[in-house]
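Asks: Look at TrEMBL and you will find 334-354, 366-389 tagged as transmembrane segment. Summarising the annotation, TrEMBL assigns domain 'PAS' to 435-511, 605-679. As annotated by TrEMBL, domain 'PAC' applies to 514-565, 681-733. Marked as coiled coil by TrEMBL: 556-608. Taken from TrEMBL, the feature domain 'Histidine kinase' covers 751-993. Look at TrEMBL and you will find 1019-1141 tagged as domain 'Response regulatory'. Here TrEMBL flags Asp1068 as 4-aspartylphosphate.
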Amino acid sequence: MLNPKRYSLMLKKLYAKIWQRRALWITAPAIATLAIGTSSLGLLQILDWAVLDQFFRWRHEPADPRIAIVTIDEFDVAKLQQWPISDAVLAQLITQLQAQEPRAIGLDIFRDLPVEPGHEKLLKVFETTPNLVGVEKAVGNIVKPPPILNQLDRVGLADLMLDADGKVRRALLSVRTSEGQTRLGLAVKLSLMYLEKEGITLESIDDRRKYLRLGQAVFKPFTGNEGGYVRANSGGYQILLNYRGLDETFPTISISDVLENRIPPDLLRDRIVLIGTIGASFNDLSFTPYSTYFFSTPKRFPGVFIHANIISQILSGSLEGRPFLQVWPHSIEMLWVLGWSFIGSGVSWLVLGIHPFRQKAYWRWLGCSLGISLVGSGLVVGSYVAFLFSWWLPVASPLLALMGSAIALVIYRSLELQKLANLERSQAETALKDSEAKFRHLAENVPGVIYRYIRYNDGSQAFTYMSPGAREIYGYEPEEIIQNSQIAWEVVHPDDLPELAGSIEVSLQTLQPWYWEGRITDRWGEFKWLQGVARPERQSNGDVIWDGLLIDISDRKQAEQLLADYSSTLEAQVRERTTILAHTNLQLEQEIAERKRMEEALSKSEHVFRAIFDQAFQFVGLLQPDGILLEANQTALAFAGVERSQVIGKPYWETKWWMASPEAPAQLKEAIAQAAQGHFIRYEAEVLGKDNQTLTIDFSLRPVFDRTGAVTLLIPEGRDISVLKQAERELKRAKEAADTANQAKSIFLANMSHELRTPLNAILGFSQLMGHATNLSAEQQENLSIIRRSGEHLLTLINQVLDLSKIEAGRMSLNESKFDLYQLLNDLENMFSLKAQDKGLELLFNRDANLPQYIGTDELKLRQVLINLINNAIKFTDSGRISVNVKKPYASFDDRAPVVLTFEVEDTGVGISPDELDQVFQPFRQTSSGQKVSEGTGLGLTISHQFVWLMGGEMSVLSRGNFFTPGSFVRKLNSPQFSKPGTTFKFTIQAQIVNLSELAAPNQDKRVIGLSSDLPPYRLLVIDDNDLNRQLLRKLLVPLGFELQEAINGQEGLEVWESTSPQLIWMDIRMPILNGYETTKQIRSKEEQKRIPSHSRTKIVALTASALMEDKAAIFTAGCDDFICKPFQEYEIFDALQKHLGASFIYEEISNLDRDDSPEIESLTAADFADISSTWVKNFSQALIEGDLEQLVELAEALKATHEGLANALLPLINQYEFEELLTLIQAVETSSENASTL
């Protein structure tokens, strides 16, 4: 039986231990309650989400082979050339996927509206694909499902649940609509299809709590307050999403691979196939736990990958028993937080039990911080281990409780320790006071002064005790000396201070007793001799204390020194006064010499400063901070024609300079006020000059600061910029005049282009229509060919004039296309081979083996540059060869990066003089060789250089060993390989390597003969005030099966558009009543009012006779979808119909004979002109140079009477504008005549 006394003793000991550790029992529960309360308010859920996200990123799981994703990105859309993709393409995709026998197909693309063509075909595919599931959106902005799939109950929800931070961490499995219907999510729908073949169905196991079983998986609905969630939206049936991963977790296949049959036959068998978009431009991206990494931009993931994770979670849980994310009940979570709170307090309690941490505050906090860091790391690691087993444990609240309780206990214990230390200090002070009272009674009765003197370890000193005898010795109260120990030193005779200090230092170093005799002067001026003795003692902290005694020995010392002092007094005084007088004289002489030297230096410095100050080019002065003028240089005085006395000492704003306008003084006064506050001021000011003329100066105020940072002076500076301002005004007027002239020129060119292109549209258009006729004779075909070539030649001239205008205005742009580089070089070789043969030259085209065949750049500009250079080479070369070399000098490691191509045109001609080499690229400048041949305008190389620059390259020329690149200087190259005769023009361009499949189909080589039979008739509208233009489109399109309505102006066009709803409008821009711009804007506005979807709106193609970029920009701004320049080619019209309406045509291939509209021309040589008169040859040559077509035809007709064959051969060349070939031929005839006359 327990003894009551012993039991009572045990209780007392237990109570003592509990009370001793009361800090633990107070801080831990209090901090735990605070952490739980903070968590229940939702203040920590962001942190718990962040920890959960990090756990997901740390965990890596294997890929799920049961799911595959068919992706659609921007590259696929670019290849398909349509978005949304047409119903026909979608039907083909589903059909090809179904052929691989997947278990289920999920179409994660909204398809509530048809996208022609192919809608009927898609409906059939929907009906015949029983394992296909479409999507709808039932939360927020509702998007309806495909109607037919909705009827077949094959629709799933595409909605995703977003947390407050925008991330998806929950899966929405189903919702109940307002009509009482339950709509399943896309993932649930597809999973049930998959599991149905495994014999697994969904069953309810607890109707009240809505628990469901699917195979090995048990579903428990999310309640809104689980894990790190607080009062979250729990609508519908939600579960926590246990991600498997996003990157490389599921195999992906692009839609292009499927459509082009580039996937293995059994790749998708028995899998769930998801179809969805992944590109950033499709706006189907969401943030997930994998979106955020340290030091990286958050990344959004496609919705189709999130649905794949939900499917994977359902399947793996049902088939393999992979657990869902699990959480503890709230009661367990509270105990979890309380336990970590006690751990935090316990760690701090253990650390504070160690002596160093208990005594020093900073050690105390350091030790606790290290301990809590280690324990906190264990909390995070333990929670992550639990997460690996699918348990989501709270981390933020226990971590808060851990740190909070540790800090609270440190603070609590620190306060207790401080209180205990204060109590011990109070007790020690009481004991010390008792001891001091006894010592004080003893000291007051001892003659002399008893003291305690201390020298601290840092070198400072103090008297901690001084007996009342100090009043008799020093004349000071003891307290005064204790408070100011310097008094004891100040009363010592100066001659005795060194000895006193030395004796103390010796005692300090050796700890030997201190002894000293010396003189002092007490408070009342009485001279005394003192004797001091003391014994030093070093303390543990390094301080040294002397306890000693001072006694007055003045009587003894006076008796000893009386005789000695009396005998030496006079001698000492004489020596002292002599020394002082000599020293004083020497100092006086040095001061006088130094003062004279400083006065001379100051005078010289002032003279130099005044010279610089007065002769300065700018106006310079000095101001007080309040604006009073202290000084002004001669330049400023001469500028205003004033004397120094007229302005010095006056406020600066009241001087003559600032009387130019009423506002000038006030503006200056404000500027001075700002400068006086330390700001640098600068502005342009109007001031009065010498003859009261108003001038403009560049004026500034600069503050000058003293050592304290205060402004002591202001320096005003000014520079006359009147001439510069006048020049700026004149330059502005000249620029405005030039802009006006350039605008007038642009307007004139635009108008002329429009007026010329409009009739050319009819000429070329109807000539093309007539060319379709099969009953035309050969002569009629030739006439049509002449008309078409004449029109195209005139159109080329118009375009060249506009190109020159664009170059002058700096608005020439790059029109990139994809083409066959080999074909371009072959065309040029064929073009110039005959011309080179006529001059007896060898024309060689060389290209590297690694030269890409298909490239992307501006084909027309590249062709024009090469034509100019080859033509020049042939023109200035009389013998030898012309070499055209094309290279790819650098290997490319990135197929998407542009490559650099090098072109060289090398001849063996006369070359270019070094003095003229830097002029070849200047406009309207010709070399001496060019002036001799009397051909060209001097613009060819200028335009070529500009074209090369636009294509990202540079052009250079090498001739006679001299090298020149525009923008640099002519360099002499001494190597023999550069000194060969002739000239080499070299240029580089940047181009993109493309594939043959990327080249546009050459529809211009095919003749359209009808529409595809399976297409409905298209409704078109042409709005044009020109009857010929309407008639041309009518005759071109109506015979092919198009329905074409007409309107003669914009107002009438609006009425026809509203009544007929055409699918495409051909819109003229310049029309009376209502022009094309306004008509297009009104159509777009009415479509907006009617809320017509963008893919269903009328396509508008502008037909404009303007080729200026400003007009093209205005066309697109007005709302047009495309534009075609007049005159247009037939294939441009058909290409636009194919691009915007998806029209498909039936083509008739044109034979090679048909493609060459011109009749075969008999080849002519100089021998054919052997018996032609020199007068006729001279007249024909002059007409060629002047471009006089009428004179050329008359001269050729005149030959028919005597040389009919020659005339018939010349006329086709004239009609086809083969002026260069004719000129080469005539020059050869003239050369033959000259040689014959010489012989």
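Including glycine, each Cβ sits where the backbone N, Cα and C put it.
Those TrEMBL annotations? Automatic predictions, nothing curated.
Since we're looking at a predicted model, the values are computed, not measured.
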Asks: If we skip the immediate neighbours and take only residues 6+ beyond the ends of the transmembrane segment (334-354), which ones have a Cβ under 8 Å from one of its Cβ atoms?
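Replies: Counting only partners 6 or more residues beyond its ends, the transmembrane segment (334-354) has Cβ contacts under 8 Å with 21, 23-24, 27-29, 31-32, 35-36, 39, 328, 364, 367-368, 371-372, 375, 379, 393-394, 397-399, 401-410, 413.
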Asks: Determine how many residues of the domain 'Response regulatory' (1019-1141) DSSP places in helix, in strand and in coil.
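Replies: So the domain 'Response regulatory' (1019-1141) is made up of 64 helix, 25 strand, 34 coil.
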Asks: Near the Cβ of Asp1068 (4-aspartylphosphate), how many other Cβ atoms are there if near means within 10 Å?
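Replies: Taking all protein chains shown, Asp1068 (4-aspartylphosphate) has 26 Cβ neighbours within 10 Å.
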Asks: How many of the residues that make up the domain 'PAC' (514-565) does DSSP mark as helix, as strand and as coil?
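Replies: Taking each residue of the domain 'PAC' (514-565) in turn, the totals are 12 helix, 29 strand, 11 coil.
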Asks: What average pLDDT does the predicted model assign to the domain 'Response regulatory' (1019-1141)?
Replies: 89
